[in-house]
Amino acid sequence: MKKRLSLDRRFLPYIKKAGGVLVKKQMGAYVSLAAAMAIVGSSVVVGKLMVERIPVFLSSGLRFLIASVVLLMLLFCIEKGFPALTKKDVFVLLVQSFTGVFLFSICLLYGVQYTTGTESGILTSTTPMLIGILSFFLLREKIEKKTLIGILLAVCGVMAINLFGAGSQDGTPHALFGNMLIIAAVIGEALFTLMAKLLSPHISALAISTFVSLFGFLFFLPFALFEASSFDYSVPTVLDWSYVLYYALFVTVLAFYLWYSGVTKVPAGVSGIFTSVLPVSAVILSGVILKEPFEFVHFIGIACVIGGIFVTVIKKKQPDAYPAAEEKTL
């Protein structure tokens, strides 16, 4: 009589190793998504400073011009050229550029001028919930219970930051118009996230970022040229121009690459929860850079957001599908 391991048991180490690689890749996607939204959150603060002396269309046009040049150089150095695109890919990239670049940038930068930062934060905090709902209706993605709980936690956390923090009672003329612009920006961000799931899987994150930046530049170009023709270039300081450079290299090149690196590896409902990092990042940086009040309720709100992300990405321990039983053979 002798014993030998069953076929399943002998392959178990390889199966576990493959599972570990998948988990590591997914965790890498989570880190990329969170980092991307933290950078985009900084754009709210930097954008408020930038548009004080440089018009929205001109600054945005310059931003995407610089970003496109950098991304094109990286794409040709690393991938040696453009990937093959289908008509569907081109359409999706154009829609993404219009909604998540052109529409989002214009509505956000103009919106914060007409409404309070508090109300802007309240509205942008609904992005994760909107993405989760749209992913269910448009992409037919099932919303798991833990994802729904995570979305609600994140939304509650960011709304707590904005509703009960300092300045929540401030009013601004034309606030309704500003709020409508912020809502349009939120819709653009949600569609931007969802459309990424429709691209061909062979297109790299770098290539997608390059195309989106190029198309975004083309959308802004005619309006940027119009503003450039009458702009007084002696008004902005070196610091003002550095805001444009930051927007180009970090908010566009780096954040786009990180976002596309992660968004194609997880469900839309899960990637949507990470957009809650955006307003949290904006609140923290507003306190550090703009010296706006940072209160205890902000810590509570941030804890809710982190808790929501944790609930969403945590994995249940799976039972061992390959028990340690051995087979006996003669």
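From the backbone N, Cα and C atoms, a Cβ is placed for every residue, glycine too.
Annotation source Swiss-Prot lists domain 'EamA 1' at 38-163. Residues or ranges marked as domain 'EamA 2' by Swiss-Prot: 187-314. According to Swiss-Prot, the transmembrane segment annotation covers 27-47, 56-76, 90-110, 119-139, 147-167, 176-196, 206-226, 243-263, 270-290, 294-314, on the basis of sequence analysis.
Contact counts against the transmembrane segment (90-110), taken as Cβ pairs under 8 Å, peak for 176-196 among the stretches 27-47, 56-76, 176-196, 243-263. Counting Cβ pairs under 8 Å that are 6 or more residues apart, the transmembrane segment (270-290) and the transmembrane segment (56-76) reach fewer than 3 and are not in contact. Secondary structure of the domain 'EamA 1' (38-163) per DSSP, as helix, strand and coil residue counts: 103 helix, 0 strand, 23 coil. Same-chain residues lying 6 or more positions outside the transmembrane segment (176-196) and placing a CB less than 8 Å from one of its CB atoms are 92, 95-96, 99-101, 103-104, 107-108, 110-115, 119-120, 123-124, 126-127, 130-131, 134-135, 138-139, 208, 260, 263-264, 268, 271-272, 275.
Counted with DSSP, the domain 'EamA 2' (187-314) comes out as 103 helix, 0 strand, 25 coil. Within the chain, the transmembrane segment (56-76) has long-range Cβ neighbours (under 8 A, six or more residues past its boundaries) at 50, 82, 101, 105-106, 109-110, 206-207, 209-210, 213-214, 216-217, 220-221, 223-228, 231, 243-245, 247-249, 251-253, 256. Same-chain residues lying 6 or more positions outside the transmembrane segment (206-226) and placing a CB less than 8 Å from one of its CB atoms are 57-58, 60-62, 64-65, 67-68, 71-72, 74-75, 78-79, 82-83, 85, 93-94, 96-98, 100-102, 105, 196, 199, 252-253, 256-257, 260.
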